[in-house]
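> Sharing a structure, written as structure tokens. Questions coming.
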């Protein structure tokens, strides 16, 4: 601003920092205004120097006429910003980036666009909302900052529920299967659920009841059937089976005259043993 503006402001006893409202009277929209501070009073008389973003917002060209008014703005407590590109979401230190760049903006007005820089990169942000007023001061304040989705942000397509997805993540077929020849469609069996709750007891494999045939036409050698146990072996150990008594005869001596008496004595002894024996007898002849 020119030095004469400083003299006029000093006579008005204004408080610092000085804040101004700038309007374009030729725009036809008096409510369209922006706000800023002052850097120094060294401009030529009758001229002020404005940032390009403020001139673009007001639609002012060089050598144009503007209306400057001194105002006192409330301190900012909340602002909502909207990035122009999703590249701003990749910045890991938004807080430090905004604190450093907001030192250049003494005032913020809802509806304008500001630029923040990180090295050689510049990010443009739209100021969608400000509290407690549409125009606020950003000096010495703890301000809450919120972000809206960027302008080029595209919502991801909705994903199908987990029940409608196959193991590889592709959607399952939910239509009706039909064959061109009219025959019934054999649908695969549903897979058993994984986990302890899905464990099912294994069923014994069914015995093969078909006919065995070799590809070379030779006869098939079937394994022999298991041997059938004898009636004695089958009845042994079975509850209720009848017991069988079997005699063990002593060997006879050939040509001996005492064989009869010996046989008679052994016969009597054998009978006595039969009476005392209470178990089950078996014969080796069977």
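Positions of Cβ are set from backbone N, Cα and C atoms, glycine also.
What TrEMBL says about a protein is an automatic prediction, not a curated fact.
The feature compositional bias 'Pro residues' is assigned by TrEMBL to 221-230. The feature compositional bias 'Low complexity' is assigned by TrEMBL to 231-241. The compositional bias 'Basic and acidic residues' annotation in TrEMBL covers 268-277. As annotated by TrEMBL, domain 'Ubiquitin fusion degradation protein UFD1 N-terminal subdomain 1' applies to 1-74. Per TrEMBL, domain 'Ubiquitin fusion degradation protein UFD1 N-terminal subdomain 2' is recorded for 76-150. If you look up TrEMBL, you'll see 216-286 marked as region 'Disordered'.
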> Kindly report the helix/strand/coil residue split of the domain 'Ubiquitin fusion degradation protein UFD1 N-terminal subdomain 1' (1-74) according to DSSP, in that order.
19 helix, 14 strand, 41 coil
> DSSP-wise, what's the residue breakdown of the domain 'Ubiquitin fusion degradation protein UFD1 N-terminal subdomain 2' (76-150) into helix, strand and coil?
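The composition, in the requested order, is 16 helix, 33 strand, 26 coil.
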